[in-house]
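Enquirer: Below are the structure tokens for one structure; questions will follow.
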Amino acid sequence: MPLLSQMQDQSGTTFAQLEALRQKLREYEYYYHVLDNPLVPDAEYDRLMNELKNLEWQHPEWITADSPTQRVGAKPLDGFAQVTHEIPMLSLDNAFSDEELDGFLRRMESYITEDPHTLAFCCEPKLDGLAVSILYVDGVLNQAATRGDGSTGEDITSNIRTIRNIPLKLNMDNPPARLEVRGEVFMPQKGFEALNERALEKGEKTFANPRNAAAGSLRQLDPKITRQRPLVLNAYGIGVYESDDELPVTHFERLQWLKSIGIPVNNEIRLATGREQLLAFYADIQAKRPTLGYDIDGAVLKVNDIGLQEQLGFISRSPRWAIAYKFPAQEEMTVLNDVEFQVGRTGAITPVAKLEPVFVAGVTVSNATLHNGDEIERLGIVIGDTVIIRRAGDVIPQIVGVVMERRPENAKKIEFPTACPVCESAVVRVEGEAVARCTGGLFCGAQRKEALKHFVSRKAMDIDGVGEKLIEQLMERELVHTPADLFKLEHTTLMRLERMGGKSAQNALNSIEKAKNTTLARFLFALGIRDVGEATAQNLANHFHNLDAIRAATFEQLQEVQDVGEVVANRIVRFWQEPHNVTVVEDLISQGIHWQDVVQVEIADNPLKGKSVVLTGTLTQLTRDQAKALLQSFGCKVSGSVSSKTDYLIAGEKAGSKLTKAQELGVKVLTEQEFIALTGEN
């Protein structure tokens, strides 16, 4: 029986390669959604996501709960209050060709009796901005939030209030009790250019593109700054709606209704019936793209009939009734001047193309990743080649081809290193893996640096006062060698570093001190054991409950943990067999890092285990997040919408349309008190 990580399909794709693809996508999502600092073009992300979807479709047994295909995006920043979306804000599936549009239409046939080719669609330009939710209570703007990860976003109410085309009060006499408007906030090109001109005059940093400018403006902690930015909203849909009056029964009519009550809607929205009209809209909006005055990157096509939308439903991260048909990414030619080789946390050697600077899709590009030796071979690329780079609203482009007829006579072959460019240890490539790795381990300065950066990262120990530049200084001066050394730093030591004043030094020490109180799962993830990601770390914590049990676990016992196979179990065992690792962990514990052991409570005859539960209304004894966490601890799936598959609706005060729908469907309704009694939390 082959190892799971060694299993491969007929094309030679292995599970390990699939998991590497997932990890790459997770990193790209974090930089795009959380840091507003994308690493790759949208086109490259979309291509990788499409590749992952296709592989998982071919191998459903390889799908894991933490796959990027099973969620929407990334978690919100900690600088803003968090808002839970009552109805998840899902993203859209993408199409990149007419054939993929045909596939989208064809997939509908399994869910509706109507011929998809005869359906009316509401067609909209795909705006390149930031998705937001704006809640009106009794006609007055009450709360606004970013999409975040689709379930939880950031509270940006104060900033949204500063956007001139968003009404603070709806233009109607009898407004709904609650109306959630969903739309895209973006920055028109003229406003973007003026913003950058002012920044240049003041000697300030400019924005790379309008999307980054819009995202940065919305996430200002000071609304006065946001008010000075030329932001605009275009609504594209409705979320929560509570009123005695019924909404229109088509998507197009709902948008026109929003427009009539003062909500801005895009002027290019059209109705189209059938494939040919959909393609005509796509071609038309693409032709208008240069003259619209704002950035778009495709066309959004939505089934117009709301009843059919409900029949079609959703998959894990997107609706079946809508698709984003994206434009081809913009391409330019430039020259490959050199290739540098970078060393990552696990020793992975990554070739980085150094390019003759070229202006592509609004940004000057001079670097591109070449991924690995296989990619260099596939492209047939050599130093001196003229290459085609593709970029779609991002900073780091993708090299998609070589212009062979322009190859110079003095072109130089790219030599993949056999020794680490940092520590000169041997470089090896394990059979079945695309990545070559430095064997130096923590002897390698590059791996130590990346390991420290991982240790302090948000999803690990979350030491936000210790960034990349500080780590580099600490290592250069040999003040820090292991993660445990961070907890031994003193104020006077930090004060001697460049650009480190008394306040900055104290902030760093405060962050380090705060990080001592963590969780077992975070600590395990922070250790950087290869292939032990967030989900695996959480599974280990849930299974063994404490660190001593994990350290003592045998190879066989580790494989009893969910999603831990032979390869991961072997890596965990080897980690604890290395005396240096044990010393570092014990040193960390001695510095005061602590957590509460995971306690698993088994409840006999648990009536909630495996049930689908929806929360609605205002809870008085628990917050919404507390109730959700409590339900999940009982093994429930907490959903944002009521359907025939819902087992329980927990109704707080002022429960609205969800309660009505639950009663119509015969879903069992619990009051907050009944719910608390059922869980034994009173």
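Cβ coordinates come from backbone N, Cα and C, glycine included.
In case it's useful when we look at the structure, here is the feature table from Swiss-Prot:
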type     : residues                                                        : note
BINDING  : D42, A43, E44, Y45, D46, S91, L92, E124, R147, E184, K302, K326 : NAD(+) binding site
ACT_SITE : K126                                                            : active site, N6-AMP-lysine intermediate
BINDING  : C420, C423, C438, C444                                          : Zn(2+) binding site
DOMAIN   : 603-682                                                         : domain 'BRCT'
Enquirer: Cβ distance under 8 Å to K302 (NAD(+) binding site), same chain, sequence separation 6 or more: which residues?
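Expert: Same-chain residues close to K302 (NAD(+) binding site) (Cβ under 8 Å, separated by 6 or more) are F121, C122, C123, E124, H251, Q309, W321, A322.
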Enquirer: Let me know the model's mean pLDDT on the domain 'BRCT' (603-682).
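Expert: Result for the domain 'BRCT' (603-682): average pLDDT 78.
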Enquirer: So, in DSSP terms, is D42 (NAD(+) binding site) helix, strand, or coil?
Expert: helix
Enquirer: Looking only at C-alpha atoms, tell me how far E44 (NAD(+) binding site) is from C423 (Zn(2+) binding site), rounded to the nearest Å.
Expert: 32
Enquirer: For the recorded Zn(2+) site formed by C420, C423, C438, C444, name the remaining residues of the chain with Cβ within 8 Å of the site's Cβ center, in chain order.
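Expert: Those within range, site residues removed, are V343, G347, P421, V422, E424, S425, V427, T439, G440, F443, G445, A446, Q447.
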Enquirer: Cβ atoms within 10 Å, counted per site: which of K126, R147 has the most, among these recorded positions?
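Expert: In terms of Cβ crowding, the pick is R147.
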Enquirer: Considering Cα atoms only, can you say which of D46, L92, R147 is the nearest neighbour of C423 (Zn(2+) binding site) among these binding-site residues?
Expert: D46
Enquirer: Should C438 (Zn(2+) binding site) be counted as helix, strand, or coil on the basis of DSSP?
Expert: strand
Enquirer: Rounded to a whole number, how many Å is the Cα of C444 (Zn(2+) binding site) away from the Cα of L92 (NAD(+) binding site)?
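Expert: So the alpha carbons of C444 (Zn(2+) binding site) and L92 (NAD(+) binding site) sit roughly 43 Å from each other.
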Enquirer: Should K126 (active site, N6-AMP-lysine intermediate) be counted as helix, strand, or coil on the basis of DSSP?
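Expert: For K126 (active site, N6-AMP-lysine intermediate) - judged by DSSP and reduced to three states - the answer is strand.
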Enquirer: Whole-number Å only: compute the distance from the Cα of K126 (active site, N6-AMP-lysine intermediate) to the Cα of C420 (Zn(2+) binding site).
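Expert: Computed Cα spacing between K126 (active site, N6-AMP-lysine intermediate) and C420 (Zn(2+) binding site) is 45 Å.
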Enquirer: According to DSSP, which kind of secondary structure is L92 (NAD(+) binding site) found in, if we only use helix, strand and coil?
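Expert: Going by the DSSP assignment, L92 (NAD(+) binding site) belongs to neither helix nor strand, so it counts as coil.
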Enquirer: Roughly how many Å lie between the Cα atoms of C420 (Zn(2+) binding site) and R147 (NAD(+) binding site), rounded to a whole value?
Expert: 42
Enquirer: Could you state the CA-to-CA distance between D46 (NAD(+) binding site) and C438 (Zn(2+) binding site) to the nearest Å?
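Expert: Approximately 30 Å lies between the Cα of D46 (NAD(+) binding site) and that of C438 (Zn(2+) binding site).
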